[in-house]
Amino acid sequence: AFGASPGNAARALPAAVDIQPACLGLYCGRTVLSVNGSVETYGDCGVCPRGQRTDDNKICRECVGSPDRYDWLYLGFMAMLPLVLHWFFIEWYSGKKSSSALLQHLTALLECGAAAVVTLLLSDPAGSLHIRSCRVKKLSDWYTMLYNPSPDYITTVHCTHEAVYPLYTIVFIYYAFCLVLMMLLRPLLVKKIACGLGRSDRFKSIYAALYFFPILTVLQAVGGGLLYYAFPYIILVLSLVTLAVYMSASEVEFFKDLLVRKKRLVVLFSHWLLHAYGIISISKLDKLEQDLPLLALVPAPALFYLLTAKYTEPSRILAETGNGH
(Lines of atoms letter the chains of each structure in order from A and count residues from 1; the text may use other names and numbers.)
(Lines give C-alpha, C1' and ligand atoms only; values in the text may rest on other atoms or scores of the structure.)
Protein backbone atom coordinates (compact mmCIF):
# COMPACT_ATOMS: atom_id res chain seq x y z
CA ALA A 1 0.00 0.00 0.00
CA PHE A 2 2.90 2.39 0.77
CA GLY A 3 4.38 1.72 -2.64
CA ALA A 4 1.26 2.68 -4.56
CA SER A 5 1.85 5.38 -7.12
CA PRO A 6 -0.15 8.66 -7.06
CA GLY A 7 -1.75 7.69 -10.35
CA ASN A 8 -3.12 4.46 -8.90
CA ALA A 9 -4.49 6.31 -5.85
CA ALA A 10 -6.20 8.84 -8.08
CA ARG A 11 -7.81 6.07 -10.07
CA ALA A 12 -9.05 4.39 -6.88
CA LEU A 13 -10.86 7.47 -5.59
CA PRO A 14 -13.87 7.43 -7.98
CA ALA A 15 -14.66 3.83 -7.03
CA ALA A 16 -14.76 4.83 -3.36
CA VAL A 17 -17.05 7.76 -4.13
CA ASP A 18 -19.52 5.49 -5.99
CA ILE A 19 -20.05 3.22 -2.96
CA GLN A 20 -23.62 3.54 -1.65
CA PRO A 21 -24.74 2.86 1.91
CA ALA A 22 -25.81 -0.71 2.63
CA CYS A 23 -29.45 -1.61 1.95
CA LEU A 24 -30.81 -2.94 5.23
CA GLY A 25 -33.57 -5.47 5.60
CA LEU A 26 -34.04 -8.91 4.14
CA TYR A 27 -36.35 -7.74 1.32
CA CYS A 28 -35.38 -4.08 0.79
CA GLY A 29 -33.78 -3.33 -2.55
CA ARG A 30 -32.79 -0.63 -5.00
CA THR A 31 -34.78 -0.16 -8.17
CA VAL A 32 -32.97 0.20 -11.49
CA LEU A 33 -33.62 3.76 -12.70
CA SER A 34 -31.73 3.64 -15.99
CA VAL A 35 -29.40 1.38 -17.95
CA ASN A 36 -26.62 2.82 -20.09
CA GLY A 37 -24.88 -0.07 -21.76
CA SER A 38 -23.51 -2.18 -18.91
CA VAL A 39 -23.85 0.63 -16.35
CA GLU A 40 -26.98 0.72 -14.21
CA THR A 41 -28.23 3.60 -12.10
CA TYR A 42 -30.04 2.67 -8.90
CA GLY A 43 -32.53 4.47 -6.73
CA ASP A 44 -32.80 4.64 -2.97
CA CYS A 45 -33.19 1.55 -0.87
CA GLY A 46 -36.87 0.70 -0.42
CA VAL A 47 -39.71 -1.50 -1.59
CA CYS A 48 -39.46 -3.27 -4.94
CA PRO A 49 -42.25 -2.64 -7.50
CA ARG A 50 -44.86 -5.33 -8.10
CA GLY A 51 -43.52 -8.14 -10.21
CA GLN A 52 -39.96 -7.71 -8.93
CA ARG A 53 -37.90 -9.02 -6.04
CA THR A 54 -34.40 -8.48 -4.73
CA ASP A 55 -31.40 -10.48 -5.92
CA ASP A 56 -28.28 -11.35 -3.92
CA ASN A 57 -26.93 -7.81 -4.43
CA LYS A 58 -30.10 -6.12 -3.06
CA ILE A 59 -31.15 -4.97 -6.54
CA CYS A 60 -34.80 -5.24 -7.58
CA ARG A 61 -35.00 -7.55 -10.58
CA GLU A 62 -38.08 -8.36 -12.64
CA CYS A 63 -39.58 -11.82 -12.25
CA VAL A 64 -38.94 -13.51 -15.59
CA GLY A 65 -39.24 -17.16 -14.60
CA SER A 66 -42.27 -19.42 -14.79
CA PRO A 67 -43.87 -21.53 -12.06
CA ASP A 68 -42.33 -24.95 -11.64
CA ARG A 69 -44.33 -28.16 -11.29
CA TYR A 70 -44.74 -27.82 -7.52
CA ASP A 71 -46.00 -24.23 -7.91
CA TRP A 72 -48.67 -25.36 -10.38
CA LEU A 73 -49.68 -28.17 -8.04
CA TYR A 74 -50.06 -25.63 -5.24
CA LEU A 75 -52.21 -23.38 -7.43
CA GLY A 76 -54.26 -26.42 -8.41
CA PHE A 77 -54.83 -27.22 -4.75
CA MET A 78 -55.97 -23.68 -3.98
CA ALA A 79 -58.25 -23.81 -7.03
CA MET A 80 -59.77 -27.12 -5.90
CA LEU A 81 -60.67 -25.90 -2.41
CA PRO A 82 -63.74 -23.82 -3.38
CA LEU A 83 -64.86 -26.46 -5.91
CA VAL A 84 -64.74 -29.28 -3.34
CA LEU A 85 -66.58 -27.11 -0.81
CA HIS A 86 -69.21 -26.24 -3.43
CA TRP A 87 -69.76 -29.93 -4.15
CA PHE A 88 -69.90 -30.81 -0.46
CA PHE A 89 -72.55 -28.23 0.42
CA ILE A 90 -74.58 -28.91 -2.74
CA GLU A 91 -74.70 -32.58 -1.79
CA TRP A 92 -75.32 -31.78 1.88
CA TYR A 93 -78.34 -29.54 1.27
CA SER A 94 -79.76 -31.40 -1.72
CA GLY A 95 -79.85 -34.81 -0.09
CA LYS A 96 -82.43 -37.14 -1.56
CA LYS A 97 -85.06 -34.48 -2.06
CA SER A 98 -83.86 -33.13 -5.37
CA SER A 99 -82.58 -34.53 -8.63
CA SER A 100 -80.88 -31.23 -9.50
CA ALA A 101 -77.69 -31.93 -7.54
CA LEU A 102 -75.80 -33.20 -10.59
CA LEU A 103 -76.58 -30.07 -12.61
CA GLN A 104 -75.50 -27.89 -9.69
CA HIS A 105 -72.24 -29.85 -9.46
CA LEU A 106 -71.58 -29.24 -13.14
CA THR A 107 -72.40 -25.54 -12.74
CA ALA A 108 -69.94 -25.23 -9.85
CA LEU A 109 -67.29 -26.91 -11.99
CA LEU A 110 -68.03 -24.48 -14.82
CA GLU A 111 -67.80 -21.49 -12.47
CA CYS A 112 -64.43 -22.51 -11.00
CA GLY A 113 -63.02 -23.53 -14.38
CA ALA A 114 -64.04 -20.24 -16.00
CA ALA A 115 -62.66 -18.28 -13.04
CA ALA A 116 -59.32 -20.08 -13.35
CA VAL A 117 -59.05 -19.40 -17.09
CA VAL A 118 -59.99 -15.72 -16.71
CA THR A 119 -57.47 -15.31 -13.87
CA LEU A 120 -54.65 -16.78 -15.97
CA LEU A 121 -55.59 -14.66 -18.99
CA LEU A 122 -55.49 -11.47 -16.92
CA SER A 123 -52.17 -12.33 -15.26
CA ASP A 124 -48.90 -11.08 -16.72
CA PRO A 125 -48.36 -11.69 -19.61
CA ALA A 126 -51.98 -10.79 -20.33
CA GLY A 127 -53.87 -12.90 -22.85
CA SER A 128 -51.83 -16.04 -22.23
CA LEU A 129 -52.33 -19.05 -20.01
CA HIS A 130 -48.67 -18.82 -19.01
CA ILE A 131 -47.60 -16.59 -16.11
CA ARG A 132 -44.25 -15.21 -15.09
CA SER A 133 -43.22 -15.61 -11.51
CA CYS A 134 -40.44 -15.37 -8.95
CA ARG A 135 -39.03 -18.56 -7.49
CA VAL A 136 -39.95 -19.36 -3.89
CA LYS A 137 -36.74 -19.74 -1.89
CA LYS A 138 -37.91 -20.01 1.72
CA LEU A 139 -40.93 -19.60 3.98
CA SER A 140 -40.15 -15.96 4.81
CA ASP A 141 -40.72 -15.03 1.15
CA TRP A 142 -44.46 -15.29 1.86
CA TYR A 143 -44.33 -12.91 4.84
CA THR A 144 -42.17 -9.97 3.81
CA MET A 145 -44.23 -7.65 6.02
CA LEU A 146 -42.56 -9.25 9.05
CA TYR A 147 -39.07 -8.26 7.90
CA ASN A 148 -39.30 -4.47 7.57
CA PRO A 149 -36.06 -3.07 9.08
CA SER A 150 -35.83 -0.34 11.75
CA PRO A 151 -32.31 1.12 11.40
CA ASP A 152 -32.61 3.49 14.38
CA TYR A 153 -35.22 1.37 16.23
CA ILE A 154 -37.69 4.23 15.73
CA THR A 155 -38.33 4.63 12.00
CA THR A 156 -39.45 1.56 10.06
CA VAL A 157 -38.51 1.19 6.41
CA HIS A 158 -41.48 -0.50 4.72
CA CYS A 159 -40.25 -2.98 2.14
CA THR A 160 -43.30 -5.25 1.98
CA HIS A 161 -43.81 -6.64 -1.50
CA GLU A 162 -44.85 -9.90 -3.13
CA ALA A 163 -41.57 -11.80 -3.23
CA VAL A 164 -43.40 -14.92 -4.47
CA TYR A 165 -45.17 -13.05 -7.28
CA PRO A 166 -47.83 -13.96 -8.29
CA LEU A 167 -48.52 -17.05 -6.16
CA TYR A 168 -49.89 -14.97 -3.29
CA THR A 169 -52.25 -12.52 -5.00
CA ILE A 170 -53.39 -14.70 -7.88
CA VAL A 171 -55.35 -16.85 -5.42
CA PHE A 172 -57.33 -13.81 -4.22
CA ILE A 173 -58.12 -12.84 -7.81
CA TYR A 174 -59.31 -16.37 -8.53
CA TYR A 175 -61.58 -16.41 -5.47
CA ALA A 176 -63.07 -13.05 -6.48
CA PHE A 177 -63.97 -14.35 -9.94
CA CYS A 178 -65.40 -17.56 -8.44
CA LEU A 179 -67.66 -15.51 -6.20
CA VAL A 180 -68.80 -13.19 -8.99
CA LEU A 181 -69.57 -16.04 -11.39
CA MET A 182 -71.43 -17.92 -8.68
CA MET A 183 -73.62 -14.92 -7.92
CA LEU A 184 -74.37 -14.47 -11.62
CA LEU A 185 -75.13 -18.08 -12.56
CA ARG A 186 -76.15 -20.15 -9.58
CA PRO A 187 -79.22 -18.27 -8.24
CA LEU A 188 -80.96 -18.38 -11.62
CA LEU A 189 -80.14 -22.06 -12.05
CA VAL A 190 -81.25 -23.07 -8.56
CA LYS A 191 -84.47 -21.10 -8.83
CA LYS A 192 -85.45 -23.00 -11.98
CA ILE A 193 -84.34 -26.54 -11.29
CA ALA A 194 -84.41 -27.02 -7.51
CA CYS A 195 -88.12 -27.70 -7.42
CA GLY A 196 -87.84 -30.57 -4.97
CA LEU A 197 -86.48 -28.35 -2.24
CA GLY A 198 -88.30 -25.90 -0.07
CA ARG A 199 -88.07 -22.18 -0.67
CA SER A 200 -85.62 -21.73 2.20
CA ASP A 201 -83.46 -24.78 1.38
CA ARG A 202 -82.79 -24.26 -2.30
CA PHE A 203 -80.32 -21.41 -1.76
CA LYS A 204 -78.49 -22.83 1.26
CA SER A 205 -75.54 -24.04 -0.81
CA ILE A 206 -75.09 -20.48 -2.09
CA TYR A 207 -75.34 -19.06 1.42
CA ALA A 208 -72.67 -21.55 2.52
CA ALA A 209 -70.35 -20.24 -0.21
CA LEU A 210 -70.80 -16.71 1.10
CA TYR A 211 -69.34 -18.00 4.36
CA PHE A 212 -66.49 -20.19 3.16
CA PHE A 213 -65.08 -17.76 0.57
CA PRO A 214 -64.13 -15.18 3.25
CA ILE A 215 -62.69 -18.02 5.32
CA LEU A 216 -60.58 -19.21 2.37
CA THR A 217 -59.43 -15.64 1.76
CA VAL A 218 -58.26 -15.21 5.35
CA LEU A 219 -56.64 -18.64 5.22
CA GLN A 220 -54.62 -17.64 2.16
CA ALA A 221 -53.73 -14.22 3.62
CA VAL A 222 -52.47 -15.64 6.91
CA GLY A 223 -51.33 -19.15 6.06
CA GLY A 224 -50.45 -19.01 2.38
CA GLY A 225 -46.81 -19.86 3.00
CA LEU A 226 -47.63 -22.69 5.38
CA LEU A 227 -50.14 -24.13 2.92
CA TYR A 228 -47.52 -23.95 0.16
CA TYR A 229 -45.26 -26.37 2.02
CA ALA A 230 -47.92 -28.49 3.76
CA PHE A 231 -50.71 -28.91 1.18
CA PRO A 232 -49.58 -32.38 -0.10
CA TYR A 233 -49.82 -33.81 3.41
CA ILE A 234 -53.11 -32.00 4.05
CA ILE A 235 -54.56 -33.63 0.93
CA LEU A 236 -53.45 -37.10 2.00
CA VAL A 237 -54.81 -36.79 5.53
CA LEU A 238 -58.13 -35.26 4.51
CA SER A 239 -58.69 -37.75 1.71
CA LEU A 240 -58.13 -40.66 4.09
CA VAL A 241 -60.29 -39.25 6.88
CA THR A 242 -63.19 -38.18 4.67
CA LEU A 243 -63.15 -41.52 2.82
CA ALA A 244 -63.34 -43.45 6.09
CA VAL A 245 -66.12 -41.22 7.41
CA TYR A 246 -68.14 -41.51 4.18
CA MET A 247 -67.83 -45.27 3.93
CA SER A 248 -68.75 -45.78 7.59
CA ALA A 249 -71.67 -43.33 7.40
CA SER A 250 -72.93 -45.00 4.20
CA GLU A 251 -72.45 -48.43 5.79
CA VAL A 252 -70.28 -49.68 2.94
CA GLU A 253 -68.97 -53.08 4.00
CA PHE A 254 -68.48 -55.11 0.84
CA PHE A 255 -67.52 -54.52 -2.78
CA LYS A 256 -71.08 -55.25 -3.86
CA ASP A 257 -72.23 -52.26 -1.80
CA LEU A 258 -70.18 -50.03 -4.09
CA LEU A 259 -71.48 -51.64 -7.26
CA VAL A 260 -75.13 -51.30 -6.25
CA ARG A 261 -75.01 -47.50 -6.12
CA LYS A 262 -72.95 -45.71 -8.75
CA LYS A 263 -72.85 -42.58 -6.60
CA ARG A 264 -70.64 -44.39 -4.12
CA LEU A 265 -68.25 -45.34 -6.90
CA VAL A 266 -68.02 -41.69 -7.97
CA VAL A 267 -67.18 -40.66 -4.41
CA LEU A 268 -64.58 -43.43 -4.16
CA PHE A 269 -62.88 -42.46 -7.42
CA SER A 270 -62.91 -38.80 -6.37
CA HIS A 271 -61.05 -39.67 -3.18
CA TRP A 272 -58.59 -41.76 -5.17
CA LEU A 273 -57.89 -38.80 -7.44
CA LEU A 274 -57.24 -36.57 -4.43
CA HIS A 275 -55.00 -39.20 -2.90
CA ALA A 276 -53.03 -39.49 -6.16
CA TYR A 277 -52.76 -35.70 -6.32
CA GLY A 278 -51.23 -35.64 -2.84
CA ILE A 279 -48.72 -38.36 -3.70
CA ILE A 280 -47.72 -36.55 -6.90
CA SER A 281 -47.33 -33.28 -4.98
CA ILE A 282 -45.01 -34.89 -2.44
CA SER A 283 -42.87 -36.74 -4.95
CA LYS A 284 -43.08 -34.01 -7.66
CA LEU A 285 -42.46 -36.89 -10.11
CA ASP A 286 -38.79 -35.90 -10.31
CA LYS A 287 -37.78 -39.54 -10.80
CA LEU A 288 -40.52 -41.31 -12.70
CA GLU A 289 -39.09 -44.81 -12.22
CA GLN A 290 -39.26 -44.33 -8.43
CA ASP A 291 -42.33 -42.11 -8.03
CA LEU A 292 -44.87 -43.67 -10.41
CA PRO A 293 -45.02 -47.01 -8.51
CA LEU A 294 -46.18 -45.03 -5.46
CA LEU A 295 -49.49 -44.41 -7.25
CA ALA A 296 -50.24 -48.10 -6.80
CA LEU A 297 -50.84 -47.28 -3.12
CA VAL A 298 -53.85 -45.08 -3.98
CA PRO A 299 -56.56 -47.79 -3.60
CA ALA A 300 -54.85 -49.38 -0.56
CA PRO A 301 -56.82 -47.50 2.19
CA ALA A 302 -60.20 -48.25 0.59
CA LEU A 303 -59.32 -51.90 0.07
CA PHE A 304 -58.11 -52.18 3.66
CA TYR A 305 -61.37 -50.69 4.91
CA LEU A 306 -63.53 -53.01 2.81
CA LEU A 307 -61.58 -56.09 3.88
CA THR A 308 -61.68 -55.26 7.58
CA ALA A 309 -65.08 -53.54 7.95
CA LYS A 310 -66.94 -56.74 8.77
CA TYR A 311 -64.59 -57.45 11.66
CA THR A 312 -65.05 -54.02 13.23
CA GLU A 313 -68.83 -53.66 12.95
CA PRO A 314 -70.08 -52.31 16.31
CA SER A 315 -73.12 -54.61 16.47
CA ARG A 316 -70.95 -57.67 15.92
CA ILE A 317 -68.48 -56.60 18.59
CA LEU A 318 -71.30 -55.98 21.08
CA ALA A 319 -72.89 -59.33 20.26
CA GLU A 320 -69.62 -61.22 20.77
CA THR A 321 -68.99 -59.33 24.01
CA GLY A 322 -72.45 -60.24 25.29
CA ASN A 323 -72.00 -63.91 24.42
CA GLY A 324 -68.65 -63.92 26.19
CA HIS A 325 -70.29 -62.78 29.46
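Heads up, the Cβ atoms here are built off N, Cα and C, so glycines get one too.
What TrEMBL annotates here:
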TRANSMEM  72-90  transmembrane segment
TRANSMEM  102-122  transmembrane segment
TRANSMEM  165-185  transmembrane segment
TRANSMEM  206-227  transmembrane segment
TRANSMEM  233-252  transmembrane segment
TRANSMEM  264-280  transmembrane segment
TRANSMEM  292-308  transmembrane segment
**Prompt:** Under 8 Å, at least three CB pairs between the transmembrane segment (72-90) and the transmembrane segment (292-308) (pairs 6 or more apart)?
**Reply:** no
**Message:** Given a Cβ distance threshold of under 8 angstroms, which distant residues of the chain, six or more beyond its ends, lie next to the transmembrane segment (264-280)?
**Reply:** 73, 76-77, 232-236, 238-240, 242-243, 246, 250, 252, 257-258, 291, 294-295, 297-299, 301-302
**Item:** Remote residues contacting the transmembrane segment (102-122) - C-beta distance under 8 A, at least 6 residues beyond either end
**Value:** 79, 82-83, 86-87, 90-91, 94, 128-131, 170, 173-174, 177-178, 181-182, 185-186, 189-190, 193-194, 205
